[in-house]
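Scroll down for the structure; my scribbles are underneath it.
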Amino acid sequence: MFENRENETSGIENLGEFGLIDHLTKNFTINQKSTVKGIGDDAAVIACDSKMELVITTDLLLENVHFDLSYMPLKHLGYKAVVVNLSDVYAMNAEPTQITVSIAVSNRFPVEALEELYAGITAASKFYNVDVVGGDTTSSTTGLLISITAIGTVKKGEAILRSGAGVNDLLVVTGDLGAAYMGLQVLEREKQVFLVNPNSQPDLEPYSYLVERQLKPEARKDIPALLKELGVKPTSMIDISDGLSSEIIHLCKNSEVGCNLYEDKIPLDPQVITVCEEFNIDSTTIALNGGEDYELLFTIKTEDFEKVKGNPHLTIIGHMTEEKEGTHLITRANTKIPLIARGWNPLENKD
Ligand code: ADP
Ligand code: MG
């Protein structure tokens with residue numbers, strides 16, 4: 001009846017996040033006609049009626065793994081928990097419509113604190129025009145846990161998958177990269193200062209953009225509309241939650257293509273460049289591996305180049321190649337370095 005599982009040591013650290021998902025899900029089969037796309041994209045796609053498809057995606061946030069309440073206000077946490085899910089909906093070219101919210105809490109949290117969390121959820125649901133239609137509430141013996149599921153709609157056949165990129169397609173990214181990760185580094189540093197000297201109050205003004213990107217990210221709801229306006233239909237799309245490098249590899253694997261990414265094209269905010277110098281970290285490494293940017297990464301056909309060129313929201317950062325050529329970063333010094341997906345590793349706490 002009672003089993004000691006501690007000695008069963010097929011360590012998940014060898015698989016990493018993506019290897020673990022593949023390993024655990026490889027035996028699932030699709031048996032329902034309505035399942036258009038199952039595991040393996042930003043969201044699943046479910047047939048609805050002759051005109052519409054539904055997309056559905058879920059994310060789990062755990063205290064002290066995904067957020068630290070010593071600098072993450074609960075209102076922001078609620079907002080961010082919604083945003084990270086909606087980002088996956090937009091990455092499918094879909095419009096989010098509903099969310100469900102599940103929480104596990106300990107009695108360490110007064111009602112007022114949970115009201116704050118829900119004020120953030122309410123603000124995000126208003127801004128992104130989604131209805132909160134359910135959830136679950138339970139107790140936790142450790143930290144706070146929040147899990148959100150988002151549902152969206154897309155015209156039948158218009159969902160953009162990770163698998164549609166072709167050889168020679170251009171690789172495009174929205175916004176700029178690395179700011180959320182550097183925001184986290186700044187907040188972590190100030191936390192350590194505060195622990196030593198509780199009377200100190202940090203001056204975060206020079207880091208305002210970075211801290212905002214970490215504490216109050218937004219999902220790119222403007223991009224599907226912008227692409228429609230420009231008359232561009234991406235061939236593949238993904239959102240950037242785990243870092244540019246890892247997301248490029250997802251697009252390449254799913255589309256069976258390779259990629260050349262150009263270091264000098266990667267969009268960086270001036271604050272990222274400055275703070276990387278201050279921390280003595282390479283800004284390209286941060287853009288490639290930082291994560292939590294919630295920007296969209298997509299591929300377009302070469303004939304759409306003129307439509308995208310010069311758009312302030314969009315940067316062409318590379319192009320797709322034959323699969324056998326692999327996925328590479330072409331550095332400023334014109335050397336070719338293989339891209340590595342770091343993702344999440346349970347024994348290597350990247351944050
Ligand atoms: P994203 O970063 O866009 O949220 P993930 O890397 O978390 O995507 O997940 C990749 C795919 O694997 C998605 O289709 C997701 O639904 C699926 N997935 C992740 N974890 C599990 C799990 N434990 N069981 C089944 N499917 C999972
Ligand atoms: Mg995603």
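Cβ coordinates are placed from backbone N, Cα and C, and glycine is handled just like the others.
The candidate list ASP222, ASP239, ASP242 contains one residue that TrEMBL assigns to the Mg(2+) 3 site with ASP42, ASP88, namely ASP239. Neighbour counts were taken as the number of other C-beta atoms within 10 angstroms of each residue's C-beta; across the binding-site residues ASP136, ASP239, ASP242, GLU292, the minimum falls on ASP136.
With a cut-off of under 6 Å between the Cβ and any atom of ligand 1, the binding-site residues THR58, TYR118, GLY135, ASP136, SER241, GLU292 reduce to SER241. Taking DSSP states H, G and I as helix and E and B as strand, the domain 'PurM-like N-terminal' (40-154) has 34 helix, 47 strand, 34 coil. When the binding-site residues ASP59, ASP88, ASP136, ASP239, GLU292 are checked against ligand 2, ASP88, ASP239 have a Cβ within less than 6 Å of one of its atoms. For the pair ASP136 (Mg(2+) 1 binding site) and TYR118 (ATP binding site), the C-alpha distance works out to 13 angstrom.
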